[in-house]
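Beneath this line is the structure, given in structure tokens, with notes to follow.
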Amino acid sequence: MRFRSLISLLFLLFFTSSSYARFVSVQQSSTGLISDGINGDRNLGSGSIIKTVVSAPAEEKEEACEQTYGFMPCTKTALGNVFLILVYGFFMYTAATYLSNGSELLLEILGPGIVGGLFLPMLGALPDAMLILVSGLSGDAQTAQSQVAVGMGLLAGSTVMLLTVIWGTCTVVGKCDLRDTIAVNNQDTKGFHLKDSGVTVDIWTSYAARIMAISVIPFIIVQLPQMLGSTSGRHLSVLVALIVSVLMLISYCVYQVFQPWIQRRRLAFAKHKHVISGILRHLKQHALGRLLDDEGQPDEHVIRKLFDTIDANKDGHLSATELKALIIGISFEEIDFDKDDAVGKVLQDFDKTLDEQVDQDEFVRGIKHWLLQAMGSAGPSAPDAGPRTMKFLDHFHVQTKREHTLLGDNENGENDEEGGEVADPKWITIKAALLLLLGASIAAAFADPLVDTVNNFSAATGIPSFFISFIALPLATNSSEAVSAIIFASRKKIRTASLTFSELCGGVTMNNILCLSVFLSIVYLRGLTWNFSSEVLVILIVCLVMAGFASFRTTYPLWTCFIAYLLYPFSLGLVYILDYWFGWS
């Protein structure tokens, strides 16, 4: 059967007539049709036709993605870029965590002055600074101009997130019952009461908020030509803003270095005022009459009688021992202080002859000075002097106690920052250095691919890269700091709340001067155009609103968290409206 089939196939091939073929020269036409080669008509108007599909030129094919460093994965699809953003964002979060842990270990060794003033603020802003740096260094000037939008989005997004979402969350988590406008430590019985529940911070947080407000000056300087409608001075304004931001960075670090010393001096003065208040209240309770006469002036006769009761040996002088016995006999449950140091300060106030003792005239002058000081510092809201002197002194005592509390002294001698003696300083130092080096290396390595991925995602989805970096990148670079702040606020103490909100203000300040300095350096050295008016406006609004709120009050009731939360969507909406409705950028 197979043999017969083979014979039949050979027979057909043998008797088949010869055929001819020729190559067809394909010419592009609007119809995409060519001749079948049978008719000689080259007009393609008659005869059979063949419909062809002409492939696109190679240069029109989709451009392949470019791998960072030549080996890092890349993709052109939106979903693939989402995955890469999550992966690279996790690495940036890891870098921020290592930097934070290394900084805390270094703080145990060197103390809060140098570390808290120099290393902690800079290291906390390092991941943001790395991303801003690489966003403006890639490619030529035209490419850098398009990529710096990622850096500006990160800068604005970090600032807005810290002062809105994180600020509001820390208020909710750290809330305590408010009593006489002061939060009661570890007492949260009023739930989510908008007025009677909240947090209290020390006055140093108010100072940090004011510094944060001052730190926006470089933004105003660089924005001046746009505000004035000028195009000639834009490059110069970038240089001036860069110089100002660098000088402010140096000044801020110097202030942070000396702040612990300033804080100790202020706290010592507040304790001395508290001792004065306690002594005056004690003398009033044991006086044979009123300390103030009917005209509201110190009664010298009553003060001399008090001197006689304190002068135990009746020698006409009060020695340091007698003054110390007086202070020990007074109950100072609210504060913990050195009794010998308090005696020394009282002697310094009274002893004008420098003989280490106080005679009757010096005692009278000193008490009169204290009373007048109490009357002057209590303010117009205090009760009138005279018959109600006791109420007047009680008001002064409450005020000095409040001032002492708001200066941030640790309750019952506790310290939330120090963990005692360091067991092995050498090993702690090595471990801190390794963590800092590892964190900085990871941030430097993954900053560039993260910026590339954001730009690729923007190209794949059509979403402007600014909004992607505004929302996504701060979650990666500031998440470690955010989690730490929330955990610290949850301890529900004035001390920890103060540290939490001071750190938030300090983080924004470093964004406004350190990260902005890096950004302005790139814009100036590469000759880029500054066209970020809407972004600058958002930063100014959020910083000034929250700084103005925190600069003049030390208690944040729970209702204030809604102000912080609402500023976040307001910022996003404002940038979108200004850029895409009014064409600011």
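A Cβ is built for glycine as well, from the same backbone N, Cα and C atoms used for every other residue.
Database features, via TrEMBL:
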DOMAIN    298-333  domain 'EF-hand'
SIGNAL    1-21  signal peptide
TRANSMEM  78-98  transmembrane segment
TRANSMEM  105-126  transmembrane segment
TRANSMEM  146-169  transmembrane segment
TRANSMEM  207-224  transmembrane segment
TRANSMEM  236-258  transmembrane segment
TRANSMEM  428-447  transmembrane segment
TRANSMEM  467-489  transmembrane segment
TRANSMEM  501-524  transmembrane segment
TRANSMEM  530-550  transmembrane segment
TRANSMEM  562-582  transmembrane segment
>> Please determine whether the transmembrane segment (236-258) and the transmembrane segment (501-524) are in contact (criterion: at least three Cβ-Cβ distances under 8 Å, sequence separation 6 or more).
In response: yes
> Do you know the DSSP helix, strand and coil residue counts for the domain 'EF-hand' (298-333)?
Replying inline: 20 helix, 3 strand, 13 coil
> Quick one: mean pLDDT on the domain 'EF-hand' (298-333)?
Replying inline: 72
> Does the transmembrane segment (428-447) come near the transmembrane segment (146-169), with 3+ Cβ pairs under 8 Å (pairs 6 or more apart)?
Replying inline: no
> So which of 78-98, 146-169, 207-224, 467-489, 501-524 is most in touch with the transmembrane segment (530-550), counting Cβ pairs under 8 Å?
Replying inline: 207-224
> Quick one: do the transmembrane segment (501-524) and the transmembrane segment (78-98) reach 3+ CB pairs under 8 Å, ignoring pairs fewer than 6 apart in sequence?
Replying inline: no
